[in-house]
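Student: Pulled from Swiss-Prot, these are the listed features:
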- 1-21: transmembrane segment (TRANSMEM)
- ASN35: N-linked glycosylation site (CARBOHYD)
- ASN43: N-linked glycosylation site (CARBOHYD)
- 67-87: transmembrane segment (TRANSMEM)
- 95-115: transmembrane segment (TRANSMEM)
- ASN128: N-linked glycosylation site (CARBOHYD)
- 137-157: transmembrane segment (TRANSMEM)
Amino acid sequence: MLVLLAGLFVVHIATAIMLFVSTIANVWMVADYANASVGLWKNCTGGNCDGSLSYGNEDAIKAVQAFMILSIIFSIISLVVFVFQLFTMEKGNRFFLSGSTMLVCWLCILVGVSIYTHHYAHSEGNFNSSSHQGYCFILTWICFCFSFIIGILYMVLRKK
């Protein structure tokens, strides 16, 4: 049981770090024809990044930014609550609070990346038809899966 909790803790930390990276880095869409990429915050072309996104004033990208930041916050809160529950909770109880907080993180990731997918991932306004999703977009979907698994495992596990 201790090994399972330690492994869950390590995966939770890795998920939080991956959420930081996927939110901060500017590689959500990559152009095949040039050294160019677009993120949530900046547009990078030829190694020069500027804060001017072609869709920067749209409400959808602001919603994606907000939900990704909320997912990071809820992931960190869940991690702190888990550590707190690990040392203060009585034996036999479940990690409901940390699990439910992680599932809120999962929901924030789902909403944020779904909005991005609907509005920007397949649009030709970013580059052209020869662009593809970058590693941040893929990393966010991986974090989506990990946060769901972590949240469910927190809800199921009991402290021994």
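Just so you know, glycine gets a Cβ as well, placed from its N, Cα and C.
What's the neighbourhood like for each of these?
Tutor: Here the transmembrane segment (1-21) has Cβ contacts under 8 Å with residues 68, 71-72, 75-76, 78-79, 82-83, 86, 102, 109, 136, 139-140, 142-143, 146-147, 149-150, 153-154, 157, 160 of the same chain, all six or more residues outside its ends.
Taken residue by residue with DSSP, ASN35 (N-linked glycosylation site) is part of neither helix nor strand, so it is coil.
Around the Cβ of ASN43 (N-linked glycosylation site), 20 further Cβ atoms fall within 10 Å across all displayed protein chains.
With a cut-off of 8 Å between Cβ atoms, the residues of this chain six or more beyond the transmembrane segment (95-115) that come close are 12, 19, 60, 63-64, 66-68, 70-71, 74-75, 77-79, 81-82, 85, 89, 137, 140-141, 143-144, 147-148, 150-157, 159.
Nonlocal intrachain contacts for the transmembrane segment (137-157), taken as residues 6+ away from its ends with a CB within less than 8 angstroms of a stretch CB, comprise 1, 4-5, 8, 11-12, 14-15, 18-19, 21-22, 28-29, 68, 71, 75, 78, 82, 94-96, 98-100, 102-103, 105-106, 109-110, 112-113, 116, 121.
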Student: To the nearest whole angstrom, state the Cα distance for the pair ASN35 (N-linked glycosylation site) and ASN43 (N-linked glycosylation site).
Tutor: 11
Student: When you measure from the Cβ of ASN35 (N-linked glycosylation site), how many other Cβ atoms are you left with inside 10 Å?
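Tutor: A count of 11.
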